[in-house]
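Engineer: Pasting the relevant annotations from TrEMBL:
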DOMAIN    5-43  domain 'Sphingolipid delta4-desaturase N-terminal'
TRANSMEM  43-62  transmembrane segment
TRANSMEM  68-91  transmembrane segment
TRANSMEM  103-122  transmembrane segment
TRANSMEM  150-172  transmembrane segment
TRANSMEM  184-204  transmembrane segment
TRANSMEM  210-231  transmembrane segment
Amino acid sequence: MGSRVSREEFEWVYTDEPHTARRKEILAKYPEIKSLMKPDPNLIWIIAVMLLVQLASFYLVKDLDWKWVIFWSYVFGSCINHSMTLAIHEISHNFPFGHHKAMWNRWFGIFANLSLGVPYSVSFKRYHMDHHRYLGADGIDVDIPTDFEGWFFCTAFRKLIWVILQPLFYAFRPLFINPKPVTYLEIINTVIQITFDIIIYYVFGVKSLVYMLAATLLGLGLHPISGHFIAEHYMFLKGHETYSYYGPLNLLTFNVGYHNEHHDFPNVPGKNLPLVRKIAAEYYDDLPHYNSWIKVLYDFVTDDTISPYSRIKRPPKGKEVLE
């Protein structure tokens, strides 16, 4: 399966990412996979129910002691909010309403964003498309940590802090690596989100507002579901850039764990990714994969051969068309 990686700098490669070539090969052999490239309207009601559940939890925590507000924000609210970020991931690929109703998806993303407390959906869409088109491209793919992150977070304790603070790094890293002009949709996303937060404060009180924000911060930090941040592209084995996860948390994350399958076929909604693996099993079964995101987090923190440097980088070709 390959050798362990020990690096004090990023792994630079000058070849194309593997997903485009594998996609062409698989489609030539299994053209029926094209039938899986279609919208998933079930996402509409699933996401609506998730938001309603989180609204109900705002009501239920409003009179609790602070220790229970934080407890339930980590145990319950964090799962909903992290799952909602992955629902927004599905929306960014236009899966709820299809590509022919792109703006419907943008507005629905702003709606899904409400439970997070911070504006996220519109900006995520812009940067995530770059991640797919230019995987690992230096100065473009903001999923790649900065040189400072790789240099500083190099011990077990510092890596633990880095994992805890992941949501902050994901929020601010784009401003340093690939800043983009603010769009009117991002302004709308921000205004609607702040308005919603103010309404939550006045209707339910400060504890519900803190619960919402803490659920996002804690859920995207040191949390079992957050193992996917590291599992997806951190190079635990030399030469392997993308890894899938086939464990039970896929049920809460719209199958984002099927990450090789997702990058091979970004037009296939999450619910159909297990079918991609089933149809083209010989292409996926022998690839390194995970069955536990918790173990991924543990190994990342404790293994001194793994760090934020454990990523593949590519020099940009100069022909990129960015979002």
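Including glycine, each Cβ sits where the backbone N, Cα and C put it.
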Engineer: Take the domain 'Sphingolipid delta4-desaturase N-terminal' (5-43) and average the pLDDT across it for me.
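Structural biologist: Mean pLDDT, the domain 'Sphingolipid delta4-desaturase N-terminal' (5-43): 88.
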Engineer: Where, among 68-91, 184-204, 210-231, do we find the most CB pairs under 8 A to the transmembrane segment (150-172)?
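Structural biologist: Counting Cβ pairs under 8 Å, the winner is 210-231.
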Engineer: Using Cβ atoms and a strict cutoff of less than 8 Å, what residues sit near the transmembrane segment (68-91) while being 6 or more residues removed from its termini?
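Structural biologist: For the transmembrane segment (68-91), the far contacts come to 40, 43, 46-47, 50-51, 53-54, 57, 61, 105, 108-109, 112-113, 115-116, 120-121, 124-125, 128, 207, 210-212, 214-216, 218-220, 223, 225-226, 252-254, 256, 269-270.
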Engineer: Per DSSP, what is the residue count of the domain 'Sphingolipid delta4-desaturase N-terminal' (5-43) in each of helix, strand and coil?
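Structural biologist: Grouping H, G, I as helix and E, B as strand yields 19 helix, 2 strand, 18 coil.
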